[in-house]
There are 2 protein chains.
Amino acid sequence: MSTKTLSLKEDYEKLLSSYDTWLFDCDGVLWHGDRLIEGALEVLSYLRSQNRIIDKSIIFVTNNATKSRKSYKGKFDKLGVQAHVDEIFGSAYASAVYLSSVVKLPKDKKVYVIGEKGIEEELEEEGFQHLGGTDPEDNTLAPFKIENFKLDPTVGAVLCGLDTSINYTKYCKAYQYLTRNEGCLFVVTNEDSTYPAGPGILPGGGSILAPLVFSLRRNATAIGKPNQTMLDCIHAKHTFDPARTIMVGDRLETDIEFGKKGGLSTLLVLTGITASSDLDNVKPAQTPDFVTQSLGDLRILANI
Amino acid sequence: MSTKTLSLKEDYEKLLSSYDTWLFDCDGVLWHGDRLIEGALEVLSYLRSQNRIIDKSIIFVTNNATKSRKSYKGKFDKLGVQAHVDEIFGSAYASAVYLSSVVKLPKDKKVYVIGEKGIEEELEEEGFQHLGGTDPEDNTLAPFKIENFKLDPTVGAVLCGLDTSINYTKYCKAYQYLTRNEGCLFVVTNEDSTYPAGPGILPGGGSILAPLVFSLRRNATAIGKPNQTMLDCIHAKHTFDPARTIMVGDRLETDIEFGKKGGLSTLLVLTGITASSDLDNVKPAQTPDFVTQSLGDLRILANI
């Protein structure tokens, strides 16, 4: 199967009429860091305006794990992008729902967090106590003294996500729980190797996880795109027909694979990680149905 | 090929008479953290006493990358183990020699270090300037701001080793050098997944490296055991006959594989990472020639 490059107004009109549910990745699609992608705002507004006539719905699906949905909504507000908390699905939220509803971790078990405030907030929403994360005791570059470490036997899961305060103490503690607490679950919000950060690219959640996978010789259960746990999470809250749903994203190995695995159609935009030349050797499982330079290209629909 | 379990006095006598050069791993063989393994001191003294009669030599080969040879000698001194700096081969030293003598990195190129003081000292001995490492600017949990980062175009290598002050700033900077400075070399002192630390096990140098390998999708050149760069380094300083040389270690995938790759004989001790049951499914390339519970077992030779 090959990818269709969209260019004519009729291409975009056909796209609009074929799909009722529009799933959007955010970073690299709607914005870069704190800068909106040109035209993205107008296109989202246009889709919402169509909603009044032909029931279109918009869902934001992000592997961002540093923010809870509530806090991520603040980013939409700041950039002037209309969004409701119920339309936002982040990997921190999906991970907390996974622990609570899928594997049903008992609520008297604690979660050791490598990650930021967003993970903690979503765990709290699901009724879990947590250790690590933003606790000042674990945000230190002081040497980790294993002889002073007290293992908490009630820790039943280690949940790892992007953590820009990552340090050796967190790795050491997570390693202890995963090797010494029997049955301790090992979950990662997402396995993104990198993410676009303003003028450059930085290591992502999957990279933060890597020392644990390497030292434990054990893989974590991954929640975010391309894994279907994220789609299950959306399904639990929204009704949609996969045949009339399209995933719009900038990454072949997360967004596009996620959409295809879930039986959705897929649109690749080139405003993020992926370059046009990356499509030359793309795997079938990551081949988008459609490609366009930028989400802003859809402005042609509204004659903007 | 199977492993011979040593038990009788004549087994040990045969061992002593078969090998003139004795390479010892340190942690898990001579000591655990700051505690000597029972009998290790007496056995080393006995081997040295034999030297007067039958030319035995002792070499310490460690993947420890946090200490320079000089500083590592301090550990020997503190524990009362006789050693000369020339007998000590650490992976920080071997890495600096690799950059200087094997790939001949020009001396006007700088090395970005993820690692501790030992790596910096050995780089300085070889005449290299370095960034990162123990520099307070890079030992911070403050957010990394890529927009404030000034890429140094003279950085020609990233050298990574165990760094118990690891943090996101170091990963981000190393990532920038390896993606933006053309031809930048990527070297790791050793790929140990873990190391024994007193009463427990902690993530090792290979685990610290893992986020870079994952985010870059590129492997580093590894210097320490089981890689032969370490043996080349020993060869450059000492004359020995591989057929009459034995490597004594506690790890199948580093010490034993190192010895076998280099055509040496190998003795596994069970005072470190490896348990007797691990030999049930051992790979041919990691099957030791001999196994004994502890280096202290060799006391039988001296009737101690």
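Cβ coordinates come from backbone N, Cα and C, glycine included.
All annotation found in TrEMBL is predicted automatically rather than curated by experts.
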> Of B:Asp250, B:Asp278, B:Asp280, which does TrEMBL put in the Mg(2+) site with B:Asp25, B:Asp27?
Replying inline: B:Asp250
>> Looking at the binding-site residues listed here (B:Asp25, B:Asp27, B:Asp250), whose Cα lies nearest to that of B:Lys225 (substrate binding site)?
In response: B:Asp25
> If we take B:Asp25, B:Asp27, B:Lys225, B:Asp250 as the binding-site residues, which have a Cβ under 8 Å from chain A?
Replying inline: none
> Which of the three DSSP states, helix, strand or coil, fits B:Lys225 (substrate binding site)?
Replying inline: coil
> Using the Cβ centroid of B:Asp25, B:Asp27, B:Asp250 as the reference point for the Mg(2+) site, which residues of the same chain not in that list have Cβ within 8 Å?
Replying inline: B:Cys26, B:Gly28, B:Val29, B:Leu30, B:Thr62, B:Pro196, B:Gly249, B:Arg251, B:Asp255, B:Val269, B:Gly272, B:Ile273
> Looking at Cβ-Cβ distances, which residues of the chain lie under 8 angstroms from B:Asp27 (Mg(2+) binding site) while being 6 or more apart from it?
Replying inline: B:Gly33, B:Thr62, B:Asn64, B:Tyr195, B:Pro196, B:Asp250, B:Gly272
>> With Cβ-Cβ distance below 8 Å and at least 6 positions apart along the chain, what are the contacts of B:Asp25 (Mg(2+) binding site)? List them in sequence order.
In response: B:Val61, B:Thr62, B:Asn63, B:Lys225, B:Met247, B:Val248, B:Gly249, B:Asp250, B:Arg251, B:Thr254, B:Asp255, B:Gly272
